[in-house]
Amino acid sequence: MGQPEGTSRTTVAIIGSGMAGLVSAYLLKQDQSQNFDVQVFEMQNELSLDSASVTVPSANGREVRIDLPMRAFAGGYYSNLRRMYNYLGVKYTPMQFLFPLSRAPVVRDRSNLLSPPNQGDADDHVHSDERDGKFLSSKPYFIHSSNNHRIPPIRPEHLGLWGWVAESIYLVFCFAWYTICSFFIPPYSSRTDYRSATGAGISKQDSVSVSESLGEYLQRIRLPTYFTQNYILPQFSAVTTCSHEALLKFPAKDFTDYATQTHNVPYYVVKGGVNIVQKKLAEGLNIQLSSRVVSVELLSGSSKVRVSYMSNTDGTIHQRDFNHVIMAVTPDVVGAIFQPLRSAMAQVPTIKVESVVHNDTSSLRILSQTSVGSEGYFHPSSAETQVIHVRSSPAGFTEAIHECTASLLVTTGPITPIDTSKVIHRTSFTRVLRTPQSREVVNRIFGYNPITCRASEKCTTQWRNGYGNVWLVGGWCWDGMVLLEGCVVSAMRVADALGVHVPWRDMV
């Protein structure tokens, strides 16, 4: 049904062109009533969903498209993302992963190396060869397979048989206990529950509704420290791209939900890369590139919202009024441009994460060169199996090194210096972290929690999503891990509020 003549259309500004912004714009544009006039603002000179990705030549001369950050997804946890891909006709393929877990080496001579941020002293792991500016390849202490598709697991070639067998048996019991706890021992949802169970008090910084953290949960279920430090923290840290210290402050519910919903569920990657998704979502949209939004203001005496934006070409400030504004940006940006949420967004932590595409294999034992056959030896990696090295430092930082080909690597959150002459591409992105306190803030905004006040505070009106016709969408705008599923869920939520049909909601 088309727009009736003489009826003004509802104007909507969408700030940001990542997954959440493009899904929001797509849903409004495809609405059968054709009631929405959508304008997307993007500060870069290209859409941001695929802007960090890169196409590079491989050793065989073929071009390889590398998604940055990596966009693999699991069927159970990403149910709405999968339905959307199915509706759009996006092809994706199952992918198995191998995760060699190792400890980071250190080099003394860093004159020609791209050094990571200072992450503490790791001199205990320095080898004699490294004193001359050389690395010894870090050797994995275990090779984990996604959904344990390799049973028995692959034995690292430098490990003795009986030591590896003993470690594997130990891991079977630890992983089994962690899985059982994830399914049957839910994290506490409030400080009151946690205090009752542990005898701990409530700090001045915590309200009663603040939930149990991952660190508290792992202690409560008595997971061995060795297992936590060498297996749980490195693998989850590679997913969240943050330090182990920050990871332990995440809400425990995020990880139990993720563990239960991805248990024995295959992983997928989009054929051709996420640029395929971007093209389908952005088709026909009105997109204004090189335009940085500097403020979003509620107009007194009007239901409209004013967007002020600056042109990157000439620095001119422009203003436009809209019926609705959807902010599809990170919390730090929301706080900077929208005054009513400035204080709340300051409580949602964010960090900058770097990804480096390179061919510096000096510190790495490349599994795809010698890897992964059924008989226990290694063969070149196939289209169905990819290798991601998970390497941690004594200071509690983890880097993930994805073997795209035998000679092409992507390091996310680098802690090992990389030879600058072998760097092909570098990019950085903002990662939203989670804490029980920030979870409470976000849940209040989206109406998951009732508004409560601490004894020392006066109750003030809490801004809720949609107040003043301003909306938030993004991977952080739901009660879960900050991943692509949150982008789709939050965009669907706004569509529902505006009376727009979501065509893939009931798809299998």
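The backbone N, Cα and C atoms fix where each Cβ goes, and this holds for glycine too.
Residues annotated as transmembrane segment in TrEMBL: 12-28 (among others).
Residues annotated as region 'Disordered' in TrEMBL: 110-131.
What TrEMBL records for 122-131 is compositional bias 'Basic and acidic residues'.
The feature transmembrane segment is assigned by TrEMBL to 159-180 (among others). Residues 141-142, 152-153, 221, 223-224, 227, 231-232, 259, 263 of the same chain lie 6 or more positions beyond the ends of the transmembrane segment (159-180) yet place their CB under 8 Å from a CB of it.
Annotated domain 'Amine oxidase' per TrEMBL: 207-340, in sequence order. The average pLDDT computed over the domain 'Amine oxidase' (207-340) stands at 95.
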Based on DSSP, tally up the residues of the domain 'Amine oxidase' (207-340) by helix, strand and coil.
55 helix, 33 strand, 46 coil
Long-range Cβ neighbours of the transmembrane segment (12-28) (under 8 Å; 6 or more residues past either end)
36-42, 47-49, 84, 277-278, 281-282, 285, 287, 293, 296, 305, 307, 320, 322-329, 333, 337, 473-475, 477, 484, 486-488, 490-492, 494-495, 498, 500, 502
